[in-house]
Amino acid sequence: MNKVILYCRPGFEKECAAEITDKAGRRDIYGFVRVKDNSGYVIFECYQHEDADRLVRELPFRDLIFARQMMVCGELLRDLPPEDRITPIVGMLTGVVERAGELRVEVPDTNECKELMKFCRKFTVPLRTALRNDKILQAQEKPNRPVVHVLFIAPGCCYVGYSYSNNHSPFYMGIPRLKFPSDAPSRSTLKLEEAFHVFIPADEWDERLGSGMYAVDLGACPGGWTYQLVKRSMMVHAVDNGMMAQSLMDTGQVIHHQADGFRFEPPRNNIYWLVCDMVEKPAKVTSRMADWLVNGWCREAIFNLKLPMKKRYEEVALNLEKLTQRLQEGGINAEIHAKQLYHDREEVTVHVRRIWSAIPGRRDER
């Protein structure tokens, strides 16, 4: 198997392809991409056979911005016989994967492929049994073992491969299944909830998303992102010239500042979270987020960058580079990750966590 498949948002195949080509090249792994517009996936075919496995081991999945999932795969299996679709799939995995911990029969995130979902659910049961009988799959699901993926792109046509459980998306199809809360002011609330799932390990939620923390939401109205913070019993400074949802104001946890989010400065020293979903040029948002982090006005930040029509990967990479440079110049050690989330559209979500500062005495360290 010399190919790597990356699932992505339909319409962002070129960005996903540019990113994997760039980041594979930095590891001296070379190949070519196969891209079909609006297909929801990209194939990176390595020149060296063993490089596909090496790439999915060595390239941290969380460093990929536009990929929802990453797996090694072989050639496309075409025209699987309806009377026996299982044998060719088992044959492709034999000698390649042993004692995998999970099976996922998936489809790309397109309207055409979603019509295959019902078939995938039914097909999973007999395929799982066959893989267990051949010792390709363990008798019980094991979260620390490789995952077998079967990706159907059309009836009777699928890619078969595997991913590593310590370097992939834990979600089926790479998509967290979140339910829209009926009392939330806007659907944008799901962006921040998904960001928490993607960027913050579940066993750290109590520590980093805890009750009683102070947060600032820039460009808050009507309160979709503020809702997530309030739900976690935080005290929130909501900054926006517009009106906040009355249901949030009634909680007593929200202070509404009718001000420009780009000029607002925190009124207190113990702000932990900064969140921002303002419609503005990426460079302007990045610069202001850097101000907050360098000045020690917050510990962690989650913000969205709205993407231009062209050279979207290049634009994101440039802004992340500028942010990294600003933090380094300010003596800040930080973790920076970006991801185009399922609930994002023409945008990506960035998470920054300050680890420590080389310069003592900042506001958040007193």
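Just so it is clear, glycine is given a Cβ too, placed from its N, Cα and C backbone atoms.
Note that this is a predicted model, so its numbers are computed, not measured.
Residues annotated as S-adenosyl-L-methionine binding site in Swiss-Prot: S188, C221, P222, G223, G224, D240, D260, D277. A C-beta separation below 8 Å, combined with a sequence spacing of at least six in one chain, links P222 (S-adenosyl-L-methionine binding site) to P185, S186, G242, M243, M244, A245. DSSP classifies P222 (S-adenosyl-L-methionine binding site) as coil under the three-state reduction.
Close to K306 (active site, proton acceptor) in the fold, though at least 6 residues off in sequence, lie V279, E280, K281, P282, V285, E346, E347, each with a CB less than 8 Å from its CB. For K306, the entry in Swiss-Prot reads active site, proton acceptor.
Residues near G224 (S-adenosyl-L-methionine binding site) in space but far in sequence (CB under 8 A, at least 6 apart, same chain), listed by position: A184, P185, S186, R187, S188, T189, K191, L192, D277. DSSP assigns K306 (active site, proton acceptor) to a strand segment in the three-state reduction.
Annotation note: D277 (S-adenosyl-L-methionine binding site) sits in a coil segment as assigned by DSSP.
Take S188, C221, P222, G223, G224, D240, D260, D277, the residues named in the record as contacts for S-adenosyl-L-methionine: the widest Cα to Cα gap among them comes to 20 Å.
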